[in-house]
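Visitor: Provided herewith is a single structure, encoded as structure tokens, for subsequent inquiry.
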Amino acid sequence: MIPRAWRNAAAAIGLLWLATAAGAAMVFLAQMLLARRLGPPEYGLFASSLATVTMVAPLAGFGLSQFRLKAYGAEGWGADRWLRPSLRFTVLSTAAAFAIVLVWALRGGPVDAPTRAALLALSPVILGMLAIDLVGSKLRLEERYGALAGWQMLMPAGRLLVAVLVVLIPSAGVVSATLGYCAVALLAVALALPQLRAMLRGGMQLRGHGPRPADFAPAPNPGVMRLCAEAWAYGVAAVLYPVFFQVSTVLLKYLGGDAQAGRYGIALAVMTAIYLLPATVYQKFLLSKLHRWAVHEVDKFWRVYRRGNWAMLLSGLAVGLALAVAAPLLVPLAFGEAYRGVAAILMVLALCVPIRFLSTAVGSALLTSDHMRYRVLAMAAATAAAVGLNLLLIPFYAELGAAAATVLAELLLLLAMYLGVRRIPRPEATA
């Protein structure tokens with residue numbers, strides 16, 4: 001008979017996978033509808049502007065959600081001491097993120113008037129992504145996976161509704177799409193406020209550490225500077241990831257034009273949907289547990305790590321092969337003949353799928369304890385390589401050059417993660 005804990009874990013993962021699949025389908029449909037409605041130039045303007053805001057958005061909160069998972073995993077209820085300084089930290093970092101987008105939109109040299117308007121209209125996406133992230137970390141700590149599944153579908157569902165309205169309203173265009181995405185972000189903020197208010201007032205139902213002690217009194221609140229010292233590595237990693245993943249779209253806009261950025265943006269939307277699968281297992285289900293096991297159940301941590309590597313490698317190979325085979329057939333049907341070239345891009349990016357799946361599993365060991373500094377250095381090196389390779393290859397090979405640069409950068413990141421994990425002492429090595 002299957003142990004109850006295994007059944008509960010399978011049910012939670014299954015629920016999150018279903019929600020992730022639904023969210024991925026919504027993202028895919030929204031991108032498909034907008035791409036067909038707007039055409040490559042206008043869709044390229046929209047996709048590159050959204051990518052720019054998305055790259056800056058992780059500055060808001062700057063790793064706070066990831067640090068909170070680590071703090072509660074190690075300290076249990078004692079991590080409540082971080083709540084008050086986290087509020088001040090969030091306000092300051094969010095203001096910095098908005099300032100960057102506004103300065104770039106108003107003063108950036110290559111920014112034309114339509115791009116400026118799109119960037120300004122999409123800037124509230126920063127708040128929406130922050131709200132999704134903060135509430136998501138709270139629900140993971142509470143192990144409320146049903147609520148988490150519904151919460152993670154909010155943004156994709158809202159954006160799909162916007163795309164449908166843009167298609168149905170004859171006069172709607174890129175301006176309507178940007179304003180619609182802005183409205184969805186503000187809706188996420190409004191829905192998040194009650195959850196965040198309850199957390200700040202001590203209303204979180206933390207799991208894995210027993211009930212809150214009746215005489216519990218948290219340690220004195222640390223200052224904002226102490227929080228910065230603890231969270232900066234998670235923040236830098238959160239900033240580097242969207243740059244690493246989306247820099248190709250932005251560089252294609254400025255080096256090749258909106259049409260090239262639009263075609264690559266479609267391919268990136270497909271890859272984003274695929275990458276949600278390993279992210280669901282590790283970021284939404286396992287991460288809070290990994291932080292706890294890394295401190296309190298080390299043997300279990302490494303056992304889950306090894307099994308996860310094999311599972312991610314095999315599933316990544318299967319999904320990558322399916323993508324390479326299906327892309328030439330499905331892309332023209334889904335997006336129209338104007339986007340037939342996206343199939344070739346996806347056939348190159350299919351090589352990234354097993355690499356990314358395995359990298360997610362391997363790199364999970366570097367999210368715990370005090371290994372984030374190495375992870376940040378590895379991501380910085382891979383991001384620098386991605387930027388350099390894109391600058392080198394895009395002028396000669398356009399979108400296919402960007403895809404090849406992405407594959408090489410993903411390989412470099414996987415190698416760096418593997419070398420970093422080898423530096424961590426194992427139980428058998430220290431016994």
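Backbone N, Cα and C atoms are what each Cβ position is placed from, and that goes for glycine too.
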Visitor: Quick one: which of 43-65, 204-226 does TrEMBL have down as transmembrane segment?
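Guide: Of 43-65, 204-226, TrEMBL gives transmembrane segment for 43-65.
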Visitor: From 23-41, 118-136, which range did TrEMBL mark with transmembrane segment?
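Guide: Residues 118-136 are the ones TrEMBL records as transmembrane segment.
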Visitor: Cβ under 8 Å, sequence separation of at least 6 from the ends of the transmembrane segment (148-169): give me the contacting residues as numbers and ranges.
Guide: 15-16, 18-20, 22-24, 26-27, 29-31, 33-34, 36-38, 128-129, 132, 135-136, 139-140, 176-177, 180-181, 183-185, 187-188, 191, 284
Visitor: Against the transmembrane segment (118-136), which of these stretches has the most C-beta pairs under 8 Å: 43-65, 175-194, 231-252, 374-394?
Guide: 175-194
Visitor: With Cβ-Cβ distances below 8 Å as the criterion, list the same-chain residues six or more beyond the ends of the transmembrane segment (43-65) that contact it, or say none.
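Guide: The answer is 34-35, 86, 89-90, 93-94, 96-98, 100-101, 104, 114-115, 118-119, 122-123, 125-127, 129-130, 133-134, 136-137, 174, 177-178, 181, 227, 231-239, 241-243, 246-247, 249-250, 252-253, 257-263, 265-266, 268.
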Visitor: Counting Cβ pairs closer than 8 Å, which of 86-106, 175-194, 231-252, 264-282, 374-394 has the most of them with the transmembrane segment (310-335)?
Guide: 264-282
Visitor: Can you tell me which parts of the same chain pack against the transmembrane segment (86-106), counting only residues 6+ beyond its ends and a CB-CB cutoff under 8 A?
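Guide: Sequence-distant neighbours of the transmembrane segment (86-106): 52-53, 56-57, 59-62, 64, 68, 115-116, 119-120, 123, 126-127, 130, 134, 200, 224, 227-228, 231, 235.
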